[in-house]
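Peer 1: Pasting the feature list from Swiss-Prot:
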BINDING   D147  Zn(2+) 2 binding site
COMPBIAS  244-262  compositional bias 'Pro residues'
DISULFID  C44-C264  disulfide bond
DISULFID  C187-C235  disulfide bond
DISULFID  C216-C223  disulfide bond
REGION    227-262  region 'Disordered'
SIGNAL    1-19  signal peptide
Amino acid sequence: MKNWIVGMVALVTMVPVMAATPWQKITHPVAGSPQSIGGFANGCVIGAQPLPLESADYQVMRSDQRRYFGHPDLLNFIHRLSAQTHQQQLGTVLIGDMAMPAGGRFSSGHASHQSGLDVDIWLQLPKQRWSQQQLLKPQPIDLVAVDGKRVIPALWQPQIESLIKLAAKDNDVTRIFVNPAIKKQLCLDAGADRQWLHKVRPWFAHRAHMHVRLRCPANSLECVDQDTPPPGDGCGAELESWFQPPPPSAKPGKTLPPPLPPSCQALLDNHFATE
């Protein structure tokens, strides 16, 4: 679990309810050439686009929360992945949170997903399309056993591994966060084709979905990428460390969000000045 303290604020995707943020008051994308700005956990996006809610290959959950916006690169990835999934007859891809219309910090649910390059994709592939009621109030399938050390065999399906593998092999994808037990199962099942596994990173929670992160777009000059994952498949000592008791440490104090990138602060200032 190396460097987990450093990465905690930036990467954890399920966080306690936070105070309301001004970003959720921006109801439409900011006009302009698409630009992802700042980091994944402290940024925004100009020229975001909404993911079309109607598709033969995927369905969008909780559309009433309006978290289905992203940089065009993210939309293109979702279309590619869902088309490949459909072609292989794996099932319908279920799309969870992406970003808000201008990106920025959510009031609840995530610390990242701020620059329009993150998407949550559920690890279930229904053969029958969900009803509108199911999409608005989706029921996740927890794939991980109570002890957190393994997946539940009755729930683990080969299609899930195929979905994760397809995403990991996409050139625009830099990281996929899953529960350590899911990563462990992928390591066991991968066979000789293992190069894609280094993109699949163990992380807290993520028991029913994968969190896919894309690289900074080439023309987004203010976008801040993460360092590339370490070489190798990540199936050795690093993965095993996640199943060890954490070292004792002092109770962490409350932390304030870091200052926004100047361009994101200017975006907020300009938006609310013209209201």
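Just so it is clear, glycine is given a Cβ too, placed from its N, Cα and C backbone atoms.
Since this is a predicted model, take the numbers as computed values, not measurements.
Each of the listed features needs to be described in terms of its position in the shown structure.
Peer 2: DSSP gives D147 (Zn(2+) 2 binding site) a coil state; it is part of no helix or strand. Sequence-distant contacts of D147 (Zn(2+) 2 binding site), defined by Cβ-Cβ distance under 8 angstroms and a gap of at least six in the same chain, do not exist.
All protein chains considered, the CB of C44 (disulfide bond) has 30 other CB atoms within 10 Å.
Secondary structure from DSSP puts C235 (disulfide bond) in coil.
Counting Cβ atoms from all protein chains shown, C223 (disulfide bond) has 23 others lying within 10 Å of its own Cβ.
In the region 'Disordered' (227-262), helix, strand and coil residues by DSSP number 6 helix, 0 strand, 30 coil.
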Peer 1: Which sequence-distant residues neighbour the region 'Disordered' (227-262)? Criterion: at least 6 residues beyond either end, Cβ under 8 Å.
Peer 2: 1-2, 9, 37-38, 42-44, 105, 148-149, 174-175, 180, 183-184, 187, 190, 194-195, 197-202, 268
Peer 1: Quick check for the class: what is the C-alpha distance, in angstrom and rounded, between C223 (disulfide bond) and C44 (disulfide bond)?
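Peer 2: Answer for this pair: 9 Å between alpha carbons.
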Peer 1: Would you mind reading off the Cα separation of C264 (disulfide bond) from C216 (disulfide bond), to the nearest angstrom?
Peer 2: 16
